[in-house]
Amino acid sequence: MEKIKQPVLVLVGPTAIGKTALSLQLARQFSCEVVSMDSMQVYRHMDIGTAKISKEEQGEVPHHLLDIVEPDEHYDASMYCRDALRTITEIHARGHIPLVTGGTGLYLQSLTKGFFEGPPSDSAVRERLQEELDNLGPEEMHARLEQLDPLSAQRLHPNDSYRVMRALEIFAITGKPWSQLLSQHKPENQFANMLQIGLTCDRPLLYDRINMRTQIMLDAGLEEEVRGLLDMGYSRELRSMGSIGYKHMANFIFGDWEFEEMKTLLARDTRRYAKRQYTWFNKDEDLHWYQKESKAEIVDRVGQWLEDQLSKNL
């Protein structure tokens, strides 16, 4: 596959670090269109719990890959890769710069280095596994994966039935763990000119910001948003509804947790998610890390890089 030669900017970092504000600044200054890289912001009706950018801000700067599927629709990294590549091509055709921003590391990997899909699905195997899932439940299927492919089981939540089932299907078809096949996949960046910037800050500051964001979401009406989703018929068992914030509020609404317990666990699990994001992004050698306070330095770096790209094409 021939590499994409037009410039692409990427801005990543953990949740609550301040990516949205900086992405808007960069987009206004350098004629960018933002391509969301968030596995939860693809869902319609899920705005507060995903910290989705406001409609007003979307009106100021074009944003893409927000609100593209319903909460009960399947959407994964391979689909994101397809949609993001198409969107980036369209932005280049308009003479603008794509600014890919978000915190979903798997989406970045699928976009830059391609997505390892494994062998084609086998309908007979899928039907058998689905029947077993219906009879045994997700916890038992995850436990089975833990025996066959512990590395995949470690990174997959028991409620992520789609990926657990896919990992079991791959083992049934090939006799090899998905994690082993994935480790043998040697991808390279399919973009010839991409600048990847990571935002970071001291952990205590980030955790304070996460605690503040938790309160802001609750004050903004997270409970009403989740009740609305439930009233629309979206089950709390859905993958989208099992995500941080929605799962916690549903547990409160159904009486599983008291309010203060829900609030404490929501902040705690968001902090844990931020740690997992750091773990993922720290493995990416193409990322250039900056302190979140260094906005002027980042703007200068982006400006110089874009000038260099322009001069190369003259």
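Glycine is no exception: its Cβ is also placed from the backbone N, Cα and C atoms.
Checking Swiss-Prot for region 'Interaction with substrate tRNA' across the ranges 2-5, 38-41, 130-133, 310-313 points to 38-41. What surrounds the ATP site, by Cβ distance within 8 Å of the Cβ centroid and not counting G13, P14, T15, A16, I17, G18, K19, T20, is the set G103, L199, R209, K292 from the same chain. Neighbour density for T20 (ATP binding site): within 10 A of its CB lie 18 other CB atoms from the protein chains shown. Across the residues of the region 'Interaction with substrate tRNA' (38-41), the predicted structure has a mean pLDDT of 98. On the backbone, the CA of G18 (ATP binding site) and the CA of R126 (site 'Interaction with substrate tRNA') stand 41 Å apart.
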